[in-house]
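Here's the structure, in structure tokens; my notes come after.
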Amino acid sequence: DLCNPEPCQHGGTCSSTSVDFDCACTPGYTGDVCQYEIDECESSPCQHNGTCFDEFLGFTCQCAAGYFETFCETDIDECVSDPCVHGGTCLDVHLGFLCECVDGFTAYDCSTNIDECESSPCQHGGYCDDLVNGYQCECVAGYDGLHCENEIDECASNPCFSLATCEDRVNLYKCICPVGYTGVNCSELIPYCESDPCGNDATCVDMPNAYTCQCKPGYSGTYCEININDCYDSNGDHVCNQDNTMRCIDGINTRTCECIPRFTGEFCDDGEQKNSSSRVTLHLLMQMLVTQDSGDRGYRGQRAPGRVDTPPRPEVGSAKPSTRIWDLPSAVACLMNQRSVLIWKNVPKVSVVQCTCPVLIVFRSGWRLE
């Protein structure tokens, strides 16, 4: 028996004839006596450059990148996972994919926003804000335009007043004021009145390049510094009746006419006063020599207090510059006002005058009593 002993290996089954035997090999083996393991990779079952690994009763394909399945026959679709972001379109290719990105994005998967600010498109210090497929310039003050290329004309709105000239500058303007005006927009008159140039409670009114003083009644002059002499009218004439007035006392927007004892009224033009309280009951009979003095303001005179029946010797006193000398047509006489002031007028340079005088005698500037 040619099959005894068993010639077939690896579990092969032997069958014999009169002259030979035959081995029926188990799967995976071959050869006359099943001595060889069958190489399933011999037929190169792995496609697309896959690597075949022979195994008992089979094989395994190790696929190249981009392929899968038993024989590596199927191309892997890398676009299945949607790798392209921001709206990019995926194109499956061998060993990978390609992304066609929308405008504004780049990178293999369209994940990178293209920086349009990289080229520094914003001028004059403007800030570039990168957008998708674009940019926006945030301009510094004083500029505008897509690229901040335009300087804003701050004078376009005519901000300057009073015929001032406007000078445009970056983010500001300057008003060149005409004479008499000040302020950012030349809208203010120069405050000349701040120095309080007007006197006597006058009202100061600012004007372009000047000021004016609005005087209160009774004052005049550029600065209202002059007290108007109300003893004279607008024609320069005395307002008091000169024949009946001892003197006119100027006030503020008024005057006082001091009448001689026989007259009254605002202007001393009313008739004689019958029982005038200005009549003097105490008199002193004196004889005086009146001379004209030429400028010495240290006036001298005689003061003779006392009674009529016992007149004392006159004593040296002081004369005040408020006295006038009165001259009547027929004789030289001494008349008194209600303040008991001796009044003279138009006395010759040297005269002897005999008067019934009040207790106190005072004289006008330029005269002295000896």
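Easy rule for this one: first residue shown is 1, then count along the chain.
Glycine is treated like the rest: Cβ placed from N, Cα and C.
Per TrEMBL, the features are:
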type	residues	note
DISULFID	Cys25-Cys34	disulfide bond
DISULFID	Cys63-Cys72	disulfide bond
DISULFID	Cys101-Cys110	disulfide bond
DISULFID	Cys139-Cys148	disulfide bond
DISULFID	Cys177-Cys186	disulfide bond
DISULFID	Cys215-Cys224	disulfide bond
DISULFID	Cys240-Cys257	disulfide bond
DISULFID	Cys259-Cys268	disulfide bond
DOMAIN	1-35	domain 'EGF-like'
DOMAIN	37-73	domain 'EGF-like'
DOMAIN	75-111	domain 'EGF-like'
DOMAIN	113-149	domain 'EGF-like'
DOMAIN	151-187	domain 'EGF-like'
DOMAIN	189-225	domain 'EGF-like'
DOMAIN	227-269	domain 'EGF-like'
REGION	295-321	region 'Disordered'
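Helix first, then strand, then coil: DSSP counts for the domain 'EGF-like' (189-225) stand at 4 helix, 13 strand, 20 coil. The list of residues near the domain 'EGF-like' (151-187) in space but at least 6 beyond its ends in sequence, with Cβ under 8 angstroms from a Cβ of it, reads 124, 140-144, 207-210. Taken through DSSP, the domain 'EGF-like' (37-73) splits into 4 helix, 13 strand, 20 coil. Computed over the domain 'EGF-like' (113-149), the whole-number mean pLDDT of the model equals 95. Between the CA atoms of Cys34 (disulfide bond) and Cys72 (disulfide bond) there is a gap of 31 Å.
Cys240 (disulfide bond) counts 23 other C-beta atoms within 10 Å of its own C-beta, drawing on all protein chains shown. Tertiary neighbourhood of the domain 'EGF-like' (113-149): same-chain residues 86, 102-106, 170-172, selected by CB-CB distance under 8 Å and a gap of 6+ residues from either end. Proximity of distant same-chain residues to the domain 'EGF-like' (37-73), defined by a Cβ-Cβ separation under 8 Å and at least 6 residues beyond the stretch ends, is recorded for 10, 27-30, 94-96. Using a 10 Å Cβ-Cβ cutoff, Cys177 (disulfide bond) registers 21 neighbours. Other C-beta atoms found within 10 angstroms of the C-beta of Cys34 (disulfide bond) number 22, with every protein chain shown included.
Between the alpha carbons (Cα) of Cys240 (disulfide bond) and Cys268 (disulfide bond) lies a span of roughly 6 Å. Counting only same-chain residues at least 6 apart in sequence, those with a Cβ under 8 Å from the Cβ of Cys25 (disulfide bond) are Cys8, His10, Gly12, Gly31, Cys34. The residues of the domain 'EGF-like' (113-149), classed with DSSP into helix (H, G, I), strand (E, B) and coil, number 4 helix, 13 strand, 20 coil.
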